[in-house]
Amino acid sequence: MNIHEYQAKAVLQPFGVSLSKGVAILKASEAEAAAKQLPGPVWVVKSQIHAGGRGKGKFKEASAGSQGGVRLAKSIDEVKQFAQEMLGATLVTLQTGPAGKQVNRLYIEEGSAIDKEFYLSLLVDRATSRVSFVVSTEGGMNIEDVAHDTPEKIISFSVDPATGIMPHHGRIVAKTLGLTGELAKQAGKLTTQLYTAFVAKDMEMLEINPLVLTKDGELRCLDAKMSFDSNSLYRQPDVVALRDTTEEDAKEIEASKHELAYIALEGTIGCMVNGAGLAMATLDIIKLYGESPANFLDVGGGATEEKVTAAFKIITADPNVKGILVNIFGGIMKCDVIARGVIAAVKTVGLEVPLVVRLEGTNVEEGKAIIRDSGLNVLSADDLDDAAQKIVNAVKKAA
């Protein structure tokens, strides 16, 4: 689960992290009052969307102006102008894809006199099964370029969960950033604060980009990006309250209501599979034969007929779907249950695109009989390779 920048800063504040003052707004009419709560004479007007690269992004609408999603205002009138232009407009960044995201919230923040910009993040490192820090002197909007062109400028280290954060971790951060004396002490303190917040709130990722050194000698988190482990949300009700469903894919929201693992992709072949490994293999073989998957959808091992029907409805709700592949290996999940769910869904929502069903495992003959006797135009496949070729050929033929 992701949250907005202003929410992330509110999460960090109780842990003592040094932050700039700011006010979030939902309406352009609130911009003047928000700016007057901050000292000025410079304000930063920031688009709040669940995507990075806002500063380099561009708005689709000409009425939003030529500047990006993060703008520097030198007067309250300019704050008001930017708010009027940006709210309701569609911001396109490298992370949003060409469709972009509508800006429904802005964060108006006091300006900072910046001396240096750094990069600091924490993440759950699968390789070490620990929380790892990623640190670089090359902060700001171009960290992706740094990672690609000069990876030696990025330093990482992990924290042993048995000991937790220790003073030497702070010293590593300070040394990497070239900080000494009082600034090294600030770096050590910040390292502890961020790690404590990361663990306490069950985060998956915490990115501070940039972490700045102000001209008056203070380390300050100028931006904050946060994501949380969805499996831990039951014990983080304050985090759940921050969820903004307008930033999420409507199909993914519907899938979560039925406990379906669904991720929207950009292809044309909808997939319904049981088991994450088989689902990944299904996506791969679709690509192998020249098409792209429209989604990842794992119905799980104990899906009911109703759950399968819901999954099918979610897939068919995607206008980009030109064909559907159902690939089931029945273990706990029974093939006849899948078959009944698919037939029920087809009868409910209709079938306007090719459908290929591959069943194998528990009650496979019963499942195939249900599909065969349904009278519906469903193609049956004997194995995964056969299924992938049939759906790809059917989609190309229908195009």
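Quick reminder: no glycine exception, Cβ is built from N, Cα and C everywhere.
The annotation domain 'ATP-grasp' is assigned in Swiss-Prot to 9-254 on the grounds of sequence analysis. Taken together, the residues of the domain 'ATP-grasp' (9-254) have an average pLDDT of 94.
Under the three-state DSSP scheme, Glu109 (ATP binding site) falls in the strand class. Look at Swiss-Prot and you will find Lys46, Gly53, Arg54, Gly55, Glu109, Ser112, Glu117 tagged as ATP binding site, backed by sequence analysis.
Swiss-Prot lists Asn209, Asp223 with the feature Mg(2+) binding site. A 10 Å cutoff on Cβ-Cβ distances gives Asp223 (Mg(2+) binding site) a total of 26 other Cβ atoms nearby, all chains included.
What Swiss-Prot records for Asn274, Gly331, Ile332, Met333 is substrate binding site. Asn274 (substrate binding site) is surrounded by 25 other CB atoms, counting those within 10 A of its CB over all protein chains shown.
Put simply, of the binding-site residues Asn209, Asn274, Gly331, the one whose Cα is nearest the Cα of Gly53 (ATP binding site) is Asn209. Ranking the binding-site residues Asn209, Gly331, Met333 by Cα distance from Lys46 (ATP binding site) puts Asn209 first. For the binding-site residues given as Ser112, Asn209, the lowest number of other CB atoms within 10 Å of the residue's CB is seen at Ser112.
Of all the binding-site residues listed here (Glu109, Glu117), the one with the fewest other CB atoms within 10 A of its own CB is Glu117. Neighbour list (Ile332 (substrate binding site), Cβ cut-off 8 Å, at least 6 residues apart, same chain): Gly301, Gly302, Thr362. Cβ neighbour count for Gly331 (substrate binding site) (all protein chains, 10 Å cutoff from its Cβ): 11.
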